[in-house]
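Okay, so here's the structure we're looking at.
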């Protein structure tokens, strides 16, 4: 018994040296020297599993702090690891994780390790200008500052001087905020980069701060077209919830809309949040097209909608169908039994497609395996379950659609 209690004591002692890396990593976007001391400017990762493993734990330290501070515009980096104590290898026969080398694997070289160097770089920040070509300027009223703040969206590529190095620093944020992030091959010229900056004042000069960005890959479509596919999109946490994602996506859409060689725009493995954002932006773009007039919406989804949305707005068929369902919901009086029934059937007919396919595959399989009456019985059970799932999917969809329409009403 003594041995076991001794073990748990050691275990307890070692457990004190475990740190949650999402809490240990402290990120900042620094504009003024005083931001370094201000806890309100600090934010933490949502994810660190790609760097620290699925448990998101670093072992071997007490009071671990992994400081990753970035100058707001050009993202020059300060990287430091601090802790109150570290396990003693001789005494505990265990080794602390090499936290520093794990971070060095994802941040580019050339970072500062002490605050003085970082602050002197901060003074040069006035020379930083956005990369590439200005596409769009917009302003958002900021309650806290009590004024309108101006933002700009630029399109850049690797030929812009200094952009390659800047992008290396920028993409490290993906690791902390996108669950399945990966770095892209920047030597492939088919990538386009769209960047959002905020204009701010410092000692009478106008400076630029990085807000977020999007990468888009241009797929070739035979014989002479391209199909741009959104790969990654990130609005940095201090700027989230202010509407920058919608501004960025709409600007990118408008950029490609003007190109005769673009077929339509898609996205790679989109997250739920991205789908909601895209619904909002596409409905906003489509609502004034003639093919989406209330009368035509009530007649059902049509080839005319597909053609017009693709030709004028570069929207593909699948996304056009969602836009149609959202706009038709707006035009439908759901309190009217007939209108509501018609809408429900129309959406469920689309939703049932994958179920029907599965049903056919199952039926084929069972014909080989089971006697006839048993198959019918199983089909019946399946159908009831299917009806429930279908109703659930429909209700979820309608509530998502309503949120899009609410946001549209406020826009």
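Keep in mind that glycine also has a Cβ here, set from the backbone N, Cα and C atoms.
Listed in TrEMBL for this protein:
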DOMAIN    17-179  domain 'Histone acetyl transferase HAT1 N-terminal'
SITE      191  site 'Interaction with histone H4 N-terminus'
ACT_SITE  268  active site, proton donor/acceptor
DOMAIN    278-329  domain 'Histone acetyltransferase type B catalytic subunit C-terminal'
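Per-class residue totals from DSSP over the domain 'Histone acetyltransferase type B catalytic subunit C-terminal' (278-329), listed helix then strand then coil: 41 helix, 1 strand, 10 coil. The average pLDDT for the domain 'Histone acetyltransferase type B catalytic subunit C-terminal' (278-329) in the predicted structure is 96. Between the C-alpha atoms of residue 191 (site 'Interaction with histone H4 N-terminus') and the residue listed as 'active site, proton donor/acceptor', the distance comes to 14 Å.
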